[in-house]
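Engineer: A single structure is presented below for examination.
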Amino acid sequence: MSGLQKGAIGTLLTGGLLGILLVAVVFGGEAALSTEEFCTSCHSMTYTQTELKESTHYGALGANPGCKDCHIPQGFKNFHLALYTHAVDGARELYLELMNDYSTLEKFNERRLIMAHDARMNLKKWDSVTCRDCHRDPNPPGADAQAAHEKMKTEGATCIDCHQNLVHAEAPMTDLNASLAAG
């Protein structure tokens with residue numbers, strides 16, 4: 001084997017190992033940023049964690065969803081959305097945490113509608129993929145529910161268009177289609 005061939009093999013092996021290391025760091029970092037402990041390390045998120053634990057979503061059928069289950073798309077096919085959400089929304093939330101005073105629930109509530117709207121818009125843009133991860137049957141029991149779910153087919157609605165205020169304290173419902181149209 002010539003020196004050139006040995007160099008090419010060495011370069012390929014080094015590149016392969018660096019690629020494996022990069023994938024491990026990215027996936028490991030994503031997993032670390034998606035823990036309940038990380039999400040609630042900011043003071044303001046302790047309010048929403050308490051609301052989650054008091055909601056009907058928590059403990060229902062033995063499920064105890066965490067922040068990531070609703071706010072971060074899961075699975076390999078949605079990994080790009082998870083990375084984008086952590087990078088863009090995470091940076092924005094860190095900035096807002098540092099620039100705003102959330103020392104009391106009252107101060108947190110002054111921004112609640114804005115934060116709720118941002119979270120709802122993410123769900124709308126993702127076609128409520130995080131809702132569908134758990135709620136897989138699009139045909140609920142009951143005639144009223146089935147009629148309401150026809151909107152998903154006829155009007156392009158998604159779960160979050162109708163199902164707002166299920167987990168956290170109430171924030172006024174918003175017309176997400178109008179928000180999308182407005183840009």
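Cβ from N, Cα, C; glycine included.
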Engineer: Glu93, Glu106, Glu110: which one does TrEMBL list with Cys39, Cys42, Met45 for the heme 1 site?
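Structural biologist: Within the candidate list, TrEMBL flags Glu93.
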Engineer: Using C-alpha positions only, work out which of the binding-site residues Cys42, His71, Glu93 is nearest to Cys131 (heme 3 binding site).
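Structural biologist: Smallest Cα separation from Cys131 (heme 3 binding site) among Cys42, His71, Glu93: His71.
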Engineer: Across all the protein chains here, work out how many other Cβ atoms are within 10 Å of the Cβ of Met45 (heme 1 binding site).
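Structural biologist: So the number of other Cβ atoms within 10 Å of Met45 (heme 1 binding site) is 19.
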Engineer: To the nearest Å, how far is the Cα of Cys70 (heme 2 binding site) from the Cα of His135 (heme 3 binding site)?
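Structural biologist: Just about 12 Å between their Cα atoms.
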